[in-house]
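Peer 1: One structure is given below, represented as structure tokens, and several questions about it will come after.
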Amino acid sequence: MAIERTFSIIKPDATARNLTGAVNAVIEKAGLRIVAQKRIRMTKEQAETFYAVHKARPFFGELVEFMTSGPVVVQVLEGENAVAKYRDAMGATDPSKAAEGTIRKLYAKSIGENSAHGSDAPETAAIEIAQFFSGNEIVG
């Protein structure tokens, strides 16, 4: 299998509770390597650009407000089938439906405050990674 990269965000609800290390432990247990990571405060413009696919949805404003409400940790993860592995490690968007041991089952507060974002495809991952990282920041 080919090694691929995916993009992750540890969201404000998790960073506010100092869960970065705990989330990273789940990521590493899933067999993924963290090859880039930084803690940032997402601007309104960054959040609107990042979530532009949801612009017409009724929750868009709340999503942007939430993602800019506190620090986030943006990451590049690497491994075999990284996109699928990380999505499995995150669990279902609704934490009540997430499998035991997943990030969202363990740490999410609600569907909206679900602690983590992960890319949905390798192509999306490449776009998302480029929004937050330059090539020399990714150390594989």
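Any Cβ shown, glycine's included, is placed from N, Cα and C.
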Peer 1: Out of Asn24, Asn114, Asn136, which is the one Swiss-Prot records at the ATP site of Lys11, Phe59, Arg87, Thr93, Arg104?
Peer 2: Asn114
Peer 1: So which one is it: of the recorded positions Arg87, Arg104, His117, which has the fewest other Cβ atoms within 10 Å?
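Peer 2: Taking Arg87, Arg104, His117 as the recorded positions, the minimal 10 Å Cβ count falls on Arg87.
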